[in-house]
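These come from Swiss-Prot:
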| type | residues | note |
| --- | --- | --- |
| DOMAIN | 241-314 | domain 'SPOR' |
| LIPID | CYS20 | S-diacylglycerol cysteine |
| LIPID | CYS20 | N-palmitoyl cysteine |
| SIGNAL | 1-19 | signal peptide |
Amino acid sequence: MGWALKKVCFLGVIFLISACTVKKNGVKNLSYKHESLRAYENAKDYDPTTKKATYKRNFFERHFKHHTDSQGNNTKQPLDNGMRDSNAIQRATMHPYQVGGKWYYPTKVDLGEKFDGIASWYGPNFHAKKTSNGEIYNMYAHTAAHKTLPMNTVVKVINVDNNSSTIVRINDRGPFVSNRIIDLSNAAARDIDMVQKGTASVRLIVLGFGGVISKQYEQSFNANYSKILHKEFKVGESEKSVSGGKFSLQMGAFRNQIGAQTLADKLQAENKNYSVKVAFKDDLYKVLVQGFQSEEEARDFMKKYNQNAVLTRE
């Protein structure tokens, strides 16, 4: 009888631990709701004043769970790169999504487009877990997380401090930390010498889509990158752009072309993720902004620039 009571108590403790893990202050932990948005947990555990993680490992993690050393050194053999590429996955991962009360809108990009920002990297705690497009994250492969780039976009990452570079394929969403533009795998972070520092100022250049590097970058790729990268990436016919936009805005209509072009130039300079053009129709020069993923995204743009803009479907 005593053994049965102990067993019941033990199961009760396990249940309570599980409940506490899943919920905190009555709110379901995001990692259980959507495991792939793992960078959100990083954001909550990051202290911007000390620039250090506030998260402390529990007893089990400290003494039993395998971790790499502070330099991220780990000689374990890599998993299969495992790219998932289908129209269904592409459509699903271009939908707007919300993290921490903020909406993110995957949007169109063009071949050769450039972006500047701060890169970080993620590794052991997420190795072998699912990414946003359903792949298994492999910290030894050249992949990365980005908040809005289409899945399987191939990007060159340049560390502007030392001019080293690498190539990655986007297969995850994040990092959901202020001022971060991309979250690199351990392998990619090593290529540009940022593992120890943790972050680096980078420039991103879009090289291709669908996991394929465009032929126009073939010579540079063959001359400058290692055999490892040549095993992971191939050069071929790649689309010139990928667009998920379904909505557009007419921001103004002018009889004078100069006035229309002035507004278009201003909007384009301030909004690199959208396509802004001037179209002549019905004897008017109309300023159009294209590339919105949802009506909500377009209306947010209207609130910022012009409440009277005309919303249309592309």
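Cβ atoms here come from the backbone N, Cα and C positions, even for glycine.
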For the domain 'SPOR' (241-314), mean pLDDT (0 to 100): 86
Three-state composition of the domain 'SPOR' (241-314), taking helix and strand from DSSP: 25 helix, 30 strand, 19 coil
